[in-house]
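Asks: I'd like to ask some things about the structure below.
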Amino acid sequence: MQTSARFAMKRELRPWAAAGLLLLLHAVLLQWRDSRVAASDLVLLACAILACAGCIWRASRMRWNAVALQWWLAGGGIALWAVGQAVYTYFDVRHFPETTALSSDLYFFLFGVPFLLAICSVEGQQHTKALLLIDSLQAIIVCWLVQAELFPANEAMRAISVAHVSTAYNLENLVLTGAVGLRLLAGAKGEQRHFYRLVFVFLALYTTVAFPLNYLNFEKGLPTGTYFDLLWDLPFLLFATLSLASNVRKDSSSSVVISRFQQVLVHSMPVLITAVVLVMGTILVRNYFEAGLISVLIGLAGYSIRNTLLEMRYVDTQTRLSQSETALQQAMQRFQELSYIDPLTKVANRRQFEETMTTEWYRAMRRTAPLSLLMLDLDHFKLLNDTYGHLRGDDCLMISAQTLSSRLKRAGELLARYGGEEFAAVLPDVKLEDAMQVAETLRSAIESMDIANSQSPNGGRLTISVGVAVCYPTANLSIEQLVDTADQALYAAKQAGRNRVHSASLVDPRVQSIVQQINEAAIEIEQDPQND
């Protein structure tokens, strides 16, 4: 454990040590008057290459996804800057005229285009090939507009003066820094947040360094080979060390909940690319009317197509979400049905029986209506199992359940498997006389199936005993009391020889007490001699 930790620490310190040595080397080389210009340019080129290598290394260490693409784009942007520095070094060493050397500035300016694409276009689940293609096309148009407006082959057609090129640089840097700062505020997680954080640090430091140095270079003619050149090393070396010294972050499984303001920031970022195209296309109209107008139209068309694709994707997502919700509801309904159905007999199970009893109990209490309960038990079912086997017993249970269920035709009536070979039937709003008729119908239906049960003393066939209980639910009674009463009636039917129906009534104790008092009073009146 200590060895691996020590190795990880050494690996993290190596980029910092290399950056420090490179910065020290640059400072030492500036002491050589004869070659300090070329040496300074080459060291700065090495710093940019090191930063580009850091992006490529980080992108290659992860599977291909939106964040990997962002690292590749950042590496491409720094690579463009390195190309510009290489061209500048060549011109500087060869002592080309200043106007010719300005052609290298095109690459310095274009380095921000891949960064703009990485910051504004690529965004996790929102990233698709079609959207990236549209944004890339607009980025290519931006590159062409930069070349046509700021660095044209004909100097007379330059949109701004050479003296104002530094202002364009500074404006570009500020826009990029502000954009990545807003994107960082919009919320991200894992490696993507690390990317935005590193790019923000790099661009913020680069903007801070470039602002005064561009002024000194373009306005005051600051030459290359001074100690000010060390400042150019800092953003690239810092970016390289931060990207190389830390491991690739793994995205957490939990999603990041972002606010409405953050959502607005995320979804409005692609507008920045179109805005750049429109602004630069409008500027180009002054010198190249047709080309500028076409650029503006392409920018608007790209933005419209992008919005159309997003709208289509949104509609498709909503459709699939609706279908998923429907399927989920159907699955839940199916699951709920299964949770209320006995898997063997396909009639209601004990759970549904209890819920139905509770519902009907309180409904009868509100309406002052009777509630009847039938407890049914297949006679000598154990003998049937022992004689014919459990498979035959299961078949008899299924047939009996379907037969009993088919005889309950009134709305609200329910047959449930209560346990083993015992069933229960709930009959709402049914009085004792009607409940007895239903019970007899059920008993007769089982008997008429004429299923063999040779060991049964009831004629050698399958029969059923039924206990009937009826009550008017009140606050002084309970469902358990009604079930117990029906069980007692069922027990009486079995004791009487089975294959028969017995009944019992459950009366509220208070009502029973009142009735008893009335009966006693009536007897006293009849026995009172004064009545004679």
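Yeah, the Cβs are placed from backbone N, Cα and C, and that goes for glycine too.
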Asks: When TrEMBL marks a stretch as transmembrane segment, which of 167-186, 467-486 is it?
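Replies: Going through 167-186, 467-486 one by one, TrEMBL gives transmembrane segment for 167-186.
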Asks: Counting each residue once, how many in the domain 'GGDEF' (369-506) are helix, strand and coil under DSSP?
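Replies: Across the domain 'GGDEF' (369-506), the residues distribute as 60 helix, 37 strand, 41 coil.
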Asks: Could you tell me whether the transmembrane segment (291-310) and the transmembrane segment (40-59) are in contact, taking contact to mean 3+ Cβ pairs under 8 Å with a sequence separation of 6 or more?
Replies: no
